[in-house]
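Have a look at the structure below, then the notes.
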């Protein structure tokens with residue numbers, strides 16, 4: 001396993017470096033434990049506080065939001081640590097394929113690689129910046145409420161958490177743990193986006209090479225034509241395997257996001273109705289924006305991979321297939337037929353992640369919100 005190769009690949013390097021810093025993969029040292037164990041303990045205490053606050057709907061919704069958020073963060077990291085070899089192998093394959101595609105003599109493909117790489121890096125950086133900003137809001141918000149409150153609800157049986165100096169200790173502890181918690185949650189979203197964008201690089205380079213057949217296919221010998229077509233078919237099989245492997249790494253985390261997103265969005269929308277302070281309104285809107293932006297990143301990029309994979313057949317048909325021999329035409333026909341089955345990233349290996357699915361999720365959340373609002377009166 002070449003850690004240097006993974007860390008040097010620009011399309012994945014930012015998220016890989018964050019995970020490596022916290023020792024989630026590529027190395028194993030104390031950094032893993034000083035992040036995972038305290039954040040996990042804090043998450044458990046958040047869920048105990050939900051039981052204590054049951055009946056106070058506003059407090060339950062806010063505390064439930066943080067509990068689910070940190071539960072997802074811990075779950076993501078535990079999966080990465082448990083299957084670190086699979087993640088490391090997958091990222092090493094990305095670095096190899098990236099170098100191969102970027103070394104192609106075609107300038108159009110090189111420009112496309114640079115464009116998608118820049119997009120992936122900007123998204124990774126902006127996600128971290130957004131996560132840091134929202135996390136800072138989590139931490140400083142209680143200071144403006146005029147009362148003793150912690151950033152995240154916690155319940156320690158038999159202990160008054162608002163007595164000094166315990167209150168100050170818990171506040172500082174939560175503020176400190178917010179940073180590793182952010183690094184446990186945000187980079188996985190960026191990992192999904194970056195690896196999806198790399199899938200798009202492979203798909204679009206494949207489309208370009210098929211379309212380019214139109215310019216050069218008729219003047220080539222049968223042997224050269226066959227060799228070029230076999231290389232395209234091999235790369236098509238490779239991108240099919242790539243999307244399948246990516247789906248295997250993320251599908252169950254996407255399922256957890258799917259189940260928790262609708263519930264939390266519905267609850268936060270309802271909270272907007274019952275709160276009566278402007279500061280609370282601002283902070284709840286920021287919570288809603290964060291969860292929508294994170295889940296939208298999943299569905300948008302998965303949908304792009306699906307749509308572009310089906311466009312491979314159109315690119316193949318636009319080539320100079322009419323000048324090929326029968327054997328090459330049959331091979332090209334197989335590419336067209338296979339492209340009719342979209343490459344999909346799914347939720348729990350059940351539902352494909354598409355924008356239509358995202359819209360249905362929003363509609364369902366709003367429907368439950370209106371029902372809850374009517375029941376509440």
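Backbone N, Cα and C define each Cβ position, glycine as well.
What TrEMBL records for this protein:
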type	residues	note
TRANSMEM	30-48	transmembrane segment
TRANSMEM	60-81	transmembrane segment
TRANSMEM	125-144	transmembrane segment
TRANSMEM	169-201	transmembrane segment
TRANSMEM	249-275	transmembrane segment
TRANSMEM	281-300	transmembrane segment
Stretch contact, the transmembrane segment (249-275) with the transmembrane segment (60-81), Cβ-Cβ under 8 Å, 3+ pairs: yes
Range from 60-81, 125-144, 169-201 with the greatest count of C-beta pairs under 8 A to the transmembrane segment (281-300): 125-144
Cβ contacts under 8 Å made by the transmembrane segment (60-81) with residues that lie 6+ beyond its boundaries: 19, 24-25, 32, 35-36, 39-40, 42-43, 46-47, 49-50, 53-54, 87, 138, 152-153, 181, 184-185, 188, 252-253, 256-257, 260, 263-264, 267-268, 270-271, 284, 287, 291
Chain residues in Cβ proximity to the transmembrane segment (169-201) (below 8 Å; excluding those fewer than six residues from its ends, i.e. six or more beyond): 11-12, 14-15, 18-19, 21-22, 34-36, 38-39, 42, 69-70, 72-74, 76-77, 80, 90, 94, 97-98, 101, 112-113, 116, 119-120, 123-124, 127-128, 130-132, 135, 138-139, 142, 150-152, 154, 161, 239, 242-243, 246, 250, 253, 294, 297-298, 301-302, 304-305, 308, 343, 345
